[in-house]
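A.B. asks: Reproduced below are the annotations present in TrEMBL:
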- 36-59: transmembrane segment (TRANSMEM)
- 52-299: domain 'G-protein coupled receptors family 1 profile' (DOMAIN)
- 71-92: transmembrane segment (TRANSMEM)
- 112-130: transmembrane segment (TRANSMEM)
- 150-170: transmembrane segment (TRANSMEM)
- 199-221: transmembrane segment (TRANSMEM)
- 242-259: transmembrane segment (TRANSMEM)
- 279-302: transmembrane segment (TRANSMEM)
- 328-351: region 'Disordered' (REGION)
- 329-345: compositional bias 'Polar residues' (COMPBIAS)
Amino acid sequence: MSEYDYVLDFNETGCRENCTLVTVPPGLSEIGHRHWIVLTCYIIVFLMGVPGNGLVVWVTAFRMPRSVNALWFLNLAIADLLCCLSLPLIMVPLAQDKHWPFGLVACKLVHGLLYMLMYCSVLLLVLISVDRWLLVSRPTWCQNWRSPRYAIWVCFVVWMLALVISIPQFSEMVEKRFGSKIICEGTYDTMLEAWSITVFRFLVGFLVPFVVICISHWMVFQRASQSPGKRQNPRAARTLRVILAVVLSFFLCWLPLHIMDFLQVVGQNNKVIKHDMLLVRMLALCLAYFNSCLNPLLYVCLGRGFRESLTKSLRSVLHFASEEPPQGLSMTGNTKSTTDSSYFVTGNRVH
């Protein structure tokens with residue numbers, strides 16, 4: 001199901017096994033002005049998300065010591081950055097009254113990419129939460145196996161798994177012609193297929209990860225509460241605060257879109273979905289995209305170590321751009337010292 005407006009197309013004998021989700025025909029022009037509201041939201045997300053996530057990728061990849069935590073958040077920022085970079089291909093059809101000019105391949109890639117990145121983000125959040133639980137419950141195992149080298153392979157598996165489970169979202173997208181317009185839409189052959197994909201998307205992309213994350217953090221809390229004599233490390237507390245904020249923002253931003261997907265399938269007895277529901281779903285999609293530009297703000301506001309690394313990195317770039325380096329001075333030594341003094345959210349290296 002794409003972000004475009006859907007109605008249920010019924011035949012003369014009623015909906016049996018050949019129900020198809022199709023786009024509202026261009027004749028329904030009453031919601032045209034609402035597209036500009038959504039388009040404005042997309043522009044804001046793009047202008048905030050691309051530089052914000054670009055900075056996170058730059059800091060975590062090039063300006064900080066390589067650690068497991070840094071790799072988790074680096075991949076999360078890459079997923080958010082790709083999501084923001086795909087927005088222009090969504091904004092152009094909205095500006096042209098939903099006319100899709102980019103062809104069938106781009107239709108499948110762009111709209112399938114949204115859910116692929118959703119799955120990737122939520123799997124990374126599950127990974128971060130389980131990783132914190134292992135740190136407090138299996139310290140010996142973590143000492144032997146928790147290393148950046150293995151973390152790279154785990155991130156690769158996460159991306160491949162996200163690609164595999166998002167295949168239905170890629171395959172459902174088709175192009176349909178309404179007069180002179182070509183519209184990119186999601187189509188299901190049967191209502192059973194529509195229900196199956198919607199339920200699968202909700203379980204894998206929301207409910208199951210949410211339960212796993214809650215259980216992981218509850219077990220971490222229980223472990224900490226069972227050691228009253230030990231004072232909690234303030235750096236670990238900052239890390240937990242950032243992780244919880246990222247997790248909470250993800251689920252709050254994506255829950256409305258999952259709800260609207262269910263409402264669209266449940267409303268199968270209506271030939272035309274009400275305009276208010278169409279507007280709500282478009283706004284819910286805007287909220288889902290907004291999550292992609294929210295994480296960098298959380299890192300800067302809540303993560304003191306990341307904020308210090310970013311400040312030092314920007315300061316060194318401005319210094320490099322404004323002054324000529326002395327002849328014979330090695331740049332690698334300065335870079336190394338800056339990198340070694342930069343820390344991720346926790347404020348220390350985590351291997």
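Start at 1 and count along the chain as shown; that gives each residue its number.
Glycine is no exception: its Cβ is also placed from the backbone N, Cα and C atoms.
All TrEMBL annotations are machine predictions without curation.
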A.B. asks: Determine which recorded stretch among 36-59, 112-130, 242-259, 279-302 has the most C-beta pairs below 8 angstroms with the transmembrane segment (199-221).
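C.D. replies: So the stretch in question is 112-130.
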A.B. asks: For the transmembrane segment (150-170), what are the same-chain contacts with Cβ under 8 Å, counting residues 6+ beyond its ends?
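C.D. replies: Contacts of the transmembrane segment (150-170) (Cβ under 8 Å, skipping residues fewer than 6 from its ends): 68, 71-72, 75, 108-109, 111-112, 114-117, 119-120, 123-124, 127, 197, 200-201, 204.
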A.B. asks: If we skip the immediate neighbours and take only residues 6+ beyond the ends of the transmembrane segment (112-130), which ones have a Cβ under 8 Å from one of its Cβ atoms?
C.D. replies: 3, 72-73, 75-76, 79-80, 82-83, 86, 154-155, 158-159, 161-163, 165-167, 169-170, 173, 201, 204-206, 209, 212-213, 216-217, 243, 246-247, 250, 254, 288, 292
A.B. asks: I'd like to know the mean pLDDT over the domain 'G-protein coupled receptors family 1 profile' (52-299).
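C.D. replies: That stretch averages a pLDDT of 84.
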